[in-house]
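Enquirer: Just dropping this structure here.
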Amino acid sequence: MPLLHPQSLRHPSFEIQTQRRSNSTTRLLLSHKFLHSQASIISISRTRILKRVSQNLSVAKAASAQASSSVGESVAQTSEKDVLKALSQIIDPDFGTDIVSCGFVKDLGINEALGEVSFRLELTTPACPVKDMFENKANEVVAALPWVKKVNVTMSAQPAKPIFAGQLPFGLSRISNIIAVSSCKGGVGKSTVAVNLAYTLAGMGARVGIFDADVYGPSLPTMVNPESRILEMNPEKKTIIPTEYMGVKLVSFGFAGQGRAIMRGPMVSGVINQLLTTTEWGELDYLVIDMPPGTGDIQLTLCQVAPLTAAVIVTTPQKLAFIDVAKGVRMFSKLKVPCVAVVENMCHFDADGKRYYPFGKGSGSEVVKQFGIPHLFDLPIRPTLSASGDSGTPEVVSDPLSDVARTFQDLGVCVVQQCAKIRQQVSTAVTYDKYLKAIRVKVPNSDEEFLLHPATVRRNDRSAQSVDEWTGEQKVLYGDVAEDIEPEDIRPMGNYAVSITWPDGFSQIAPYDQLEEIERLVDVPPLSPVEV
């Protein structure tokens, strides 16, 4: 039987059915593609929706985190303000300003979760006499905040650095304060005061050095007894390595070996300059210079080479000592070095329940009165004080609880406070107003300003050239001063006075305290624009 060709099997009805099936299959295929495309669209839309939702959630989370962060920062800022406000209640007695405004508060950290506050108080000197008060008060005021549970206070001091560090020799570039101890007369106990003051400052926590500037008669090798009594040289740096005793660095011509007994002035000045400027002093808070007696080349060299912060004047009750001291004070005033304290040595002794003044009294108080020096300290005739100078151990070290040691403690506090004030001083407070023809006075640490008549200021000079220092008799009479006199120059003298130069060449030292007591001008014409 012959095989039939497939086409022969086609029947119209079959073709129709096949076509129907084909159309149906096509429709099914189309429907499937449509559904698949719709599913893809739905899937894409769903993905986009999920992505959009995810983005929105991320934005929401970021916004929430930012809001939380802002709230956290706001709370932290509020907490920091609370702490600083509490600390601003503490006033520095020297500057008259709170410790926050002084810039003492450093490294403030707050942990709110634990209620813990940490900060550092950076004072101007490690020998600050009120550092314990600052620490206790800071703990107290911060702990009083309701959310604070623990307070951590760290005390520190500013790095040792002089005001004009860039203009100094390398050896002096890291010394904060240089104190001159001077008498301008030998044999009054100047070296004793210098050494005991230095070791008092060291006992208060300061880094201290002593420079014995007396080449002809050095006292330091006798008054202290270091293990190494010879100064060594650093061969690489060509600098002098100071010797040391009980933490205080020491330099003296007496430690330089056997030198010449006779030297001319220029040679001595060169030796002093070399010893002072090429020594590796390192970082010091205070360098105490034991000045040689007199007011000559050596003193001028020291004042020119070393930027003296302040001077301490040593005297005895005799009139002769007072005369030399007056010369020294005037020398320092011309060199713009403020004298911050007077030490009257060998002023009295106690015996049989009585106090005796074998050399009289009043010399130290006269210096304070005439020159406006703010502080006076008395030292008695005490055998142990002189004996300690011969034994090599200062009195303040061998007997720190003695009356003499307490006096030196008061002197040390005075020096620290006065040096801090001097370093904060910016400009003069006294000027001459040519339009009003009056001296305008603005006292430091005060908003008060007043005017003085120049002739009145000149007539109120209390120096030995105007007033006899013993009888009080006025040497310059009222008519000796012209009514229309005008000052030629007014310059500051440290933080306690000004130097006024008059047309006759006289240089008047006018302490601020004295200027405040002088009769003031009341009927002053109002200021008006001056035509140029």
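Every residue, even glycine, has its Cβ placed from backbone N, Cα and C.
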Enquirer: In Swiss-Prot, which of these is labelled N-acetylalanine: Ala62, Ala311, Ala341?
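Expert: Checked Swiss-Prot: the N-acetylalanine annotation sits on Ala62.
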Enquirer: Can you tell me whether DSSP puts Gly189 (ATP binding site) in helix, strand or coil?
Expert: coil
Enquirer: Cβ within 8 Å of the ATP site's Cβ centroid: which residues qualify beyond Cys184, Lys185, Gly186, Gly187, Val188, Gly189, Lys190, Ser191?
Expert: Ser183, Pro293, Val314
Enquirer: Within 10 Å of the Cβ of Gly186 (ATP binding site), how many other Cβ atoms can you find? Include all protein chains, please.
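Expert: Here the count is 14.
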Enquirer: With H, G and I counted as helix, E and B as strand and the rest as coil, say where DSSP puts Cys184 (ATP binding site).
Expert: coil
Enquirer: Measuring CB to CB from Lys185 (ATP binding site), give everything in the same chain under 8 Å that is also at least six residues away in sequence.
Expert: Pro293, Thr315, Leu320, Ala321, Asp324, Val325
